[in-house]
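Asks: According to TrEMBL, the record shows the following:
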- 292-461: domain 'Helicase ATP-binding' (DOMAIN)
- CYS524, CYS527, CYS564, CYS567: Zn(2+) 1 binding site (BINDING)
- CYS533, CYS536, CYS551, CYS554: Zn(2+) 2 binding site (BINDING)
- 559-712: domain 'Helicase C-terminal' (DOMAIN)
Amino acid sequence: MEYFVNIVLPIPLERHFTYSITPDEAKILVPGMRVSVPFGKSKIYTGLVLQIHNIPPEVYEAKEIDQILDEFPIVNPIQLQHWEWVANYYMCTLGEVMRSALPSAFLLESETLILRNTDADVDESQLKDDEFLVFEALQHQAVLKVHEVSAIVERKNVLPILNRLLDKNIIYLKEEVYEQYKPKLVKYVKLGKEYLSDDALETLLESLSRAPKQSQVVLSLFQLQGNSQKPISITDLERYSNSSKAVVKALIEKEILEEYHIRKDRVTYDLDENSSIKNLNEYQLKALKDIQVSFKEDKVTLLKGVTSSGKTEVYVKLISEYLEQGKQILYLLPEIALTTQLITRLQEYFGEKISVFHSKYNIQERVEVWNNVLKKVGKAQIVIGARSSLFLPFKDLGLIIVDEEHEGSFKQFDPAPRYHARDAAIVLANLHRSNILLGSATPSIESYYNVHHGKYGFAEINRRFGNVLMPDMELVDFKEALRKRKAKGHFSERLLEEIEESLVNGEQIILFQNRRGFAPVLECLTCGHTPQCSNCDVTLTYHQYKKQLRCHYCGYHTALPESCAACGSPDLDTKGFGTEQVEEEVRTLFPDAKVGRMDLDTTRGKHAYEKIITSFEQQEMDILVGTQMLTKGLDFRNVSLVGVMNADSLLNFPDYRAHEKTYQMLTQVSGRAGRTQKRGKVIIQSYNPYHQILKQVTTGDYDTMYAEQIYEREQYKYPPINRIIKITFKHKNYNTLNEAAEWFSGALRTNFGGTVLGPEFPPISRIRNQYLKNVLVKIDKRESLGRTKRNIKRIEKSFNSISMYRSVRVIYNVDHI
Ligand code: ADP
Ligand code: ZN
Ligand code: ZN
């Protein structure tokens, strides 16, 4: 009898591929194992076995596989089912899901570039002959392709050798120049070496008798230390001894104290009272009960709790329940919120049981987490991760928590699969028969809609923990402020007063402006010309710090011109403002304050994001200016004031979700103020302070916001009332694009009638020299989504058979556009 396997390859082709195998191989192979296979003329790919059978392919002769790469499956049947769902729902191929789901170290192929890991300590005597040949070759040549390795070891199948070298950390792969993710460093102090004996200590205290402040610090260190070996952070010491930074610094300089750093996630905590799980207050308990009841009915459940209401502590209780049952737990977070703040907090409770899965992790670390989850080892019983952690090989998943479920960054826009992690998590929970909790202070309209329609369970916490008041919100009419000359630059007098007061009180301030750079537009005062990007249809943003004009879409940049390119006039002015300008103004207005900035430009470098957060947390800065990066679940203790520089730019965004997003963003950034006893203050500047969304933000009136947004979505047939699929066409030739989009939308209209909108150019109609055009298909809830998608795919097939259109890229975004 003949044997065959169906294999999925990590490429964007619809089909799976059938290869022939020997009867022996058929006995070994199980779905979910990897094999290396020849493809096309000379390529080798790593593929994943889907099925073993006896039916030869009809239209081609099956090739033989090269080699079996695994001893046991690395992907389980539930995962394959989940991938199928993702591929179908988001209209991409299984291969694309596979490429995105598996760590790329699992997917060696002939085109993969291999480099030597120059940091590795290699013991050459431990290498097998073939491994040594590759290692040696990499001493002479920086990069090798897989097929070149084949030539070197004179063998066709080299993937096993490369897998071994990867395991041993001797090589790495070119696509993987990921930054090594490094959790933040915390500054700690201990007594200097010379003072460790009792005698030396006594002498020290005597010598300090005339420096009462310093001796106070030393004594405090002792009291804090007690009998434990627990590290003492500088911040704790300053607070406890009631002393200033300068005093501690002086002691460090005298070498009486010694400063050291520990990676925050490497600190081992004594299991003292700090790390036992907190007792919930009555409101948290009520929420927990409601969640448990709803879980019993197997319902997806939404926890809506105002900022700082203690949602995280509720999650912690739930996690420990499932932990006791021996289940796996997945804690999903938006990428940017993966701060060590939260990780540390959970580690204090659950210690070693937590693994973090982060796109900034390097290839080995990600493979390690994958394998730990696969083998269900204790270290990975709880996984905290961004959206891609959905694809880990969970076996016995009991609970999924989607924190900040409203966050747009759960949606992957590029490349395919263009999936939404919250929605894909709900499907995953269903496949595992596990429970799933969505949490947010500002739930997405669709989740709240599902609560209203009885589809989801619901729990709520309406007040902050410890009776801390919600911040006091104030709207400032900026037009009025300008008219009455009560403004300096982009700061109203009200905002300036509040900043002043916070600074005097030694409290910190966050200033939010959702635009980076100095100004989004440079304009010639003589002729009105504004410099545009040559690759994209946008104005160039002025970055003063680098004296450049930059495109935020393709990265193009050029030196700041001294005169207008159109008329030669030197009178150039800027329009609008970004974080750089806010930073510059605030430095001029408050020359004594220490000011920092957090946006894409300041967080590019290695660990820059962590550094800024740590430094702000440790109060090395008074004022932090930033973009929406600041809004994500950060817990700063000493921030008393949040200033929103200009709310209007959020409201005017051309997107049916703009109002919802504005509400969420402003509420979240306001939530950073006053998280401890003293009531926080928020000032929102706007040219349009009577806008209903701003009113709803200041009164915390989520329900009215929801009702109005739902009304609008009903009117205009947007989700969650209708379903939508956005089809984007992309091509470098303007005419080809127009014709292609016309043809496609024509065919759609014949099928679906009036629910097809477009084709239309998006607000930015050209990016990286590719023109873009969108078509929107709105689908009534009563229609079958599956059938609609199949119809669209059918149309795409005919479209692709027209040779002129074949080079036009067709991109689908389902639900979240
Ligand atoms: P959220 O996640 O809703 O923003 P957090 O869980 O961060 O709120 O809680 C806000 C603050 O209140 C945190 O500093 C947290 O440690 C504290 N807190 C919350 N619940 C409790 C509790 N039951 N006991 C003691 N402290 C709590
Ligand atoms: Zn000009
Ligand atoms: Zn550009």
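The backbone N, Cα and C atoms fix where each Cβ goes, glycine too.
I would like each feature placed in context: is it buried or exposed, what are its neighbours, and how far apart are things?
Replies: Note on the domain 'Helicase ATP-binding' (292-461): mean pLDDT across this stretch is 91.
Around CYS527 (Zn(2+) 1 binding site), taking its Cβ as the centre, 12 other Cβ atoms fall within 10 Å, counting all chains.
A C-beta separation below 8 Å, combined with a sequence spacing of at least six in one chain, links CYS533 (Zn(2+) 2 binding site) to THR539, LEU540, CYS551, TYR553, CYS554, TYR556. Mapped onto three states, the DSSP output places CYS533 (Zn(2+) 2 binding site) in coil.
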Asks: Using the Cβ center of CYS524, CYS527, CYS564, CYS567 as the Zn(2+) 1 site position, which other residues in that chain lie within 8 Å, going by their Cβ?
Replies: LEU525, THR526, GLY528, HIS529, SER563, ALA565, ALA566, GLY568, SER569, ASP571
Asks: Counting every protein chain present, what is the number of Cβ atoms, excluding its own, within 10 Å of the Cβ of CYS554 (Zn(2+) 2 binding site)?
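Replies: So the Cβ neighbour count for CYS554 (Zn(2+) 2 binding site) comes to 17.
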Asks: Where CYS564 (Zn(2+) 1 binding site) and CYS536 (Zn(2+) 2 binding site) are concerned, what is their Cα separation in Å, rounded?
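Replies: Here the two Cα atoms are 20 Å apart.
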Asks: List the same-chain residues at least 6 positions away in sequence whose Cβ sits under 8 Å from the Cβ of CYS536 (Zn(2+) 2 binding site), in sequence order, or say none.
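Replies: Correct list: CYS551, TYR553, CYS554, TYR556, ILE764, ARG766, ILE767, ARG768, ASN769.
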Asks: Are there any residues in the same chain, six or more apart in sequence, whose C-beta is under 8 angstroms from the C-beta of CYS567 (Zn(2+) 1 binding site), and if so which?
Replies: CYS524, THR526, CYS527, HIS529
Asks: Taking the Cβ of CYS564 (Zn(2+) 1 binding site) as the centre, count every other Cβ atom within 10 Å, in any protein chain shown.
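Replies: 21, counting other Cβ atoms within 10 Å of CYS564 (Zn(2+) 1 binding site).
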Asks: Where ligand 2 binds, which of the binding-site residues CYS524, CYS533, CYS536, CYS564 are close by, with Cβ under 6 Å?
Replies: CYS524, CYS564
Asks: If you take the centroid of the Cβ atoms of CYS533, CYS536, CYS551, CYS554, the listed Zn(2+) 2 site, which other residues of that chain have their Cβ within 8 Å of it?
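Replies: These residues sit around the Zn(2+) 2 site: SER534, ASN535, VAL538, LEU540, HIS552, TYR553, GLY555, TYR556, ILE767, ARG768.
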Asks: Any of the binding-site residues CYS524, CYS527, CYS564, CYS567 with a C-beta atom under 6 A from ligand 3? Give them in order, or none.
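Replies: The qualifying binding-site residues: none of them.
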